[in-house]
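Enquirer: Mind looking over this structure? Questions follow.
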Amino acid sequence: MRILSIETSCDETAVALVEAKGGLKKPRFKVLKNEVASQIEVHRPYGGVEPGLARREHIKNLPAVCGSVVREKDWKDIDAVAVTVGPGLEIALWAGIDFARELAKKHKKPLLGANHLEGHLYSPLLSLKESEKNPKLPAIGLVVSGGHTILLALESIDRWKKIGETRDDAVGEAFDKVARLLGLPYPGGPEIQKVAEKGNAESIDFPRPMIHQRNFDFSFSGLKTSVLYYLRDKKLTSKLRADVAASFQRAAIETLVWKTIKAAWAHKAKSVFLAGGVAANKLLRETLSKRAKEEGLEFYMPEFKYSTDNAAMIAVAAYMNHEKGKKYRIKAQANLNL
Ligand code: KG4
Ligand code: ZN
């Protein structure tokens, strides 16, 4: 099944063309095209994403991004159009939905709604080769993005239970807010990672929130506040900035890794899935992969380019739901969850 997919939930205008096969038994994907037009430069002066601007940029960019993915003659081989219906910024989502609806109508193709978080969760499947075995189950899934921090227990590839999530800020949001405290531009995650390379991660003992509690929830706003208090009355030198970035990054990531491994023990998991924008973080990728292997767990994560928002993962989510017979309503659902 060949799917043209569209993603506009936040500040990336993304379109992909993906060949999917194998059903729920052996889902395998070939990404034929994957284009992302980033709006980072447009939002940077505001220190975060401006919804109205995001919508305007999506509407402006969609025709060209889509045109670089699919030509008129390609449509005869396309089976469906997929679009993110949520979660995300409502008016940004509508930009993608309206565009996708027009395309589907014009080319007489079915329109499939997709859940952005399912896209992230399934993004590691994009790298599975035909010859590789399916991921081992049960699995623990850690989905970490700008808006979400969720732990899931996956019983099968299409059935899961949410076992924990953040009670306040998402971990990506904490990276973005701490970056701002350090005078670094938006988005903060990659900036903190870069600055942290020059810092000493052991120099400041920031808290590992909720690490000793017997649940799988997270809380990152206290960690951010600790950084705020630590910086108060201090002169922000480049050494201090690097040490704070490194120590904060270490605290946030150790918390994620520890809770994920504890969840894997509790649920007798055989593997761990890592996904979402924060999965682009090098320390998180390395630390969780190492810890999972030490515990005898298989570890799956998306390629770097499929960690942050993209449309290839939206095609995967749409395909999995199509195979499962699950349909999303084609309307913006800002608060959709897993
Ligand atoms: O999944 P995503 O692209 O968009 C949402 O669905 O939210 O995630 C964006 C988040 C931002 O908070 C960004 O700072 C964070 O992912 N991020 C990172 C890194 N790259 C992106 N956080 C830590 N380290 C990174 N290298
Ligand atoms: Zn995302």
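Yeah, the Cβs are placed from backbone N, Cα and C, and that goes for glycine too.
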Enquirer: TrEMBL records V143, V144, S145, G146, G147, D176, G189 as substrate-binding residues. Which of N34, N61, N281, N310 is assigned to the same site?
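Expert: The record-listed residue among the candidates is N281.
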Enquirer: From V143, V144, N281, which binding-site residues have a C-beta atom under 6 Å away from some atom of ligand 1?
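Expert: Near ligand 1, sequence order: N281.
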Enquirer: Cα within 10 Å of V144 (substrate binding site): which of the binding-site residues H116, H120, D309 qualify?
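Expert: Cα within 10 Å of V144 (substrate binding site): H120.
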Enquirer: In whole Å, could you give the widest CA to CA gap in the substrate site formed by V143, V144, S145, G146, G147, D176, G189, N281?
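Expert: 17 Å is the greatest Cα spacing among the residues binding substrate.
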Enquirer: What are the sequence-distant neighbours of N281 (substrate binding site), meaning same chain, six or more residues apart, C-beta distance under 8 angstroms?
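Expert: Sequence-distant Cβ neighbours: G189, Q193, Q249, I253.
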Enquirer: Sorted by position, what residues of the same chain at least six away from H116 (Fe cation binding site) have a C-beta under 8 A from it?
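Expert: In sequence order, E7, S9, T84, G86, P87, G88, D309, I314, A317, L336 meet the Cβ cut-off.
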Enquirer: I'd like to know which of the binding-site residues listed (G147, G189, D309) lie near ligand 2, counting only a CB under 6 Å away.
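Expert: Result: D309.
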Enquirer: In Å, rounded, how far does the Cα of G146 (substrate binding site) sit from the Cα of H120 (Fe cation binding site)?
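Expert: For G146 (substrate binding site) versus H120 (Fe cation binding site), the Cα atoms are 12 Å apart.
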